Amino acid sequence: MRKTLAVFLLLLGYFLAILTVYFLGYEFSIKPFALGIVGIIIALIIQFPLQLLVIFLRDKLNLGTLLVSIGLGFSAGFSQELVKYLFLHGKEVSTGIMFGLGIGFFEVLYAIPVVFYEEQLPEHMKKLVEKNSWLGAWERYFGTLFHIATSAILTYAGLGVLVLFMLLHGLVDSLAEMHNLGESKKALFLGEVLLSILSVLLILSL
């Protein structure tokens, strides 16, 4: 029952993001949407080796939770925002909107099997699933909005904004990792609040 509810909340959050895009006046376009799915896969291909390097250094140098969380979080921020910029710079804002929606769709698809195979996950990943079970709709909604807004803005913004988005994305993900690795409820709360505020502000700036 809990897993079914978790999946429902993930889908609900994404559906609310779709509604937001609709009310903003943007129409669905399959090509940039599909490109967003391809883009996030490429970003993960870059991101995962960087994160494996962080884990390797943790084991070799006995790094603490804070440094490991920062390394994991900023690996994601660097990889994902860089790919958005490379794919989207110079394109139409509407293309960026659909690209971000495609990223959000992939993340939901990625999260669903993680929920159902929770028992086979490493311990820190189990904590991530437990968090998503009650934060799913909130996190997927604002997480997707963040991808939509940053993707749209990077269609016209320069390198300075790219670096800023890398830092903001890295900070949000670092706080999430601090919860996943260190069970810090304060980090979880700060991360979700920061994600929500950033997403709303960035969407309103479009």
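Just so you know, glycine gets a Cβ as well, placed from its N, Cα and C.
Checking TrEMBL for transmembrane segment across the ranges 61-78, 79-96 points to 61-78. From the options 7-24, 187-204, the stretch TrEMBL describes as transmembrane segment is 187-204. Counting residues 6+ beyond its ends, the transmembrane segment (61-78) has Cβ neighbours under 8 Å at 47, 50-51, 54-55, 165-178, 181-182, 187 in the same chain.
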